[in-house]
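Student: Dropping the structure in here first, questions after.
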Amino acid sequence: MEKQCCSHPVICSLSTMYTFLLGAIFIALSSSRILLVKYSANEENKYDYLPTTVNVCSELVKLVFCVLVSFCVIKKDHQSRNLKYASWKEFSDFMKWSIPAFLYFLDNLIVFYVLSYLQPAMAVIFSNFSIITTALLFRIVLKRRLNWIQWASLLTLFLSIVALTAGTKTLQHNLAGRGFHHDAFFSPSNSCLLFRSECPRKDNCTAKEWTFPEAKWNTTARVFSHIRLGMGHVLIIVQCFISSMANIYNEKILKEGNQLTESIFIQNSKLYFFGILFNGLTLGLQRSNRDQIKNCGFFYGHSAFSVALIFVTAFQGLSVAFILKFLDNMFHVLMAQVTTVIITTVSVLVFDFRPSLEFFLEAPSVLLSIFIYNASKPQVPEYAPRQERIRDLSGNLWERSSGDGEELERLTKPKSDESDEDTF
């Protein structure tokens, strides 16, 4: 691998440039998304609009974009004949995309809940727990190996997050920060005003629908009474598991078998179709959602921030798809850590976030654990990455390594023996 890269420095430099560019785009979009979710809330840290409308619109934007590009790809490669007939196996492969779509659907909804309870800085710090869940699924689902240093760094990361949670007990009353006042695009109609006036306590029905009752934790357990777990902490742990499962399964079906050589835009079209389906069912089956859309309209409560959030969420999802297709999950998780630094800085400057001394002492431990994990990639033969070779429909031979961060590589020798094994 190294010799091939050295013999083609131009190709290597372009690959590195594209990798850094993709990572930078993902970081910018992820940071913008968190900030826009926070800015789109009202003064009470609730949402005047239905968050599901943001998700269904972003899925629609992604689907339209991918379908248009897919038609261009199919027309260019003269593959229109593949659209005429569909076997049972193709239908089964198509239905596989419903699983990550459903998980992404849950993940995108939980984000709105989390930021109703936590400061953006605290949310991104606690989201580092996804490194642990992703590493576990890496080992179980994708059969990727981790050495003992990496496992130790994951344990340190977990303990750092627990300590950080305990250190925020003095900020529980103001974790969500302050809300914002902004003008909506559409003024409510008479039927909408009547609908809102009929809500209990003259409150916004949407706001009541999208909040959890206050929960008190550790009221009986004295051993862990100093750890102040709130609803926001529980939700973000659940989100870490869901997002890790979604990304791991998505990477698996993006790269398995013949899917490896299929266009990413065709694959994403299947994923986003189910995304629209699940979000649309949520809007249609939930009575409160139907009543609000019927009386106030689909875009009631939306502002410039929520409209911008639709497009940022869409393009952030596309960037994740490119990372999972051409890189891997660990690159995605490690790039997300840069978002932690950005959001923490913005929270101090904008959201009136005042970190305590414990925060400054414990937050670097989280980032240090991440650095140790990334710097301790196994180099010994025991953990050598497994090589897979796949031939596409045009006869080109491709090679993919299962190691962290390895990219898909085309083998240029047309008559190379596929049974030969590379030595490392």
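Each residue, glycine too, has its Cβ placed from N, Cα and C.
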Student: With the domain names in Swiss-Prot as our guide, do VAL37 and LEU285 land on the same side of the membrane?
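Tutor: Yes - Swiss-Prot names the same topological domain for VAL37 as for LEU285.
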Student: So which of SER225, SER376, SER394 shows up as phosphoserine in Swiss-Prot?
Tutor: SER394
Student: When DSSP states are grouped into helix, strand and coil, how many residues of the topological domain 'Cytoplasmic' (143-147) land in each?
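Tutor: So the topological domain 'Cytoplasmic' (143-147) is made up of 0 helix, 0 strand, 5 coil.
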Student: When only pairs 6 or more apart in sequence are counted, do the transmembrane segment (94-116) and the transmembrane segment (264-284) reach 3 or more Cβ pairs under 8 Å?
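Tutor: The transmembrane segment (264-284) and the transmembrane segment (94-116): touching, yes.
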Student: State the residues, same chain only, that lie 6 or more residues beyond the ends of the transmembrane segment (331-351) and have a CB under 8 A from a CB inside it; answer 'none' if no residue qualifies.
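Tutor: Sequence-distant neighbours of the transmembrane segment (331-351): 23, 26-27, 30-31, 34-35, 38, 119-121, 123-125, 127-128, 130-131, 134, 177-178, 247, 320, 323-324, 363, 366-367, 370, 374, 404-405.
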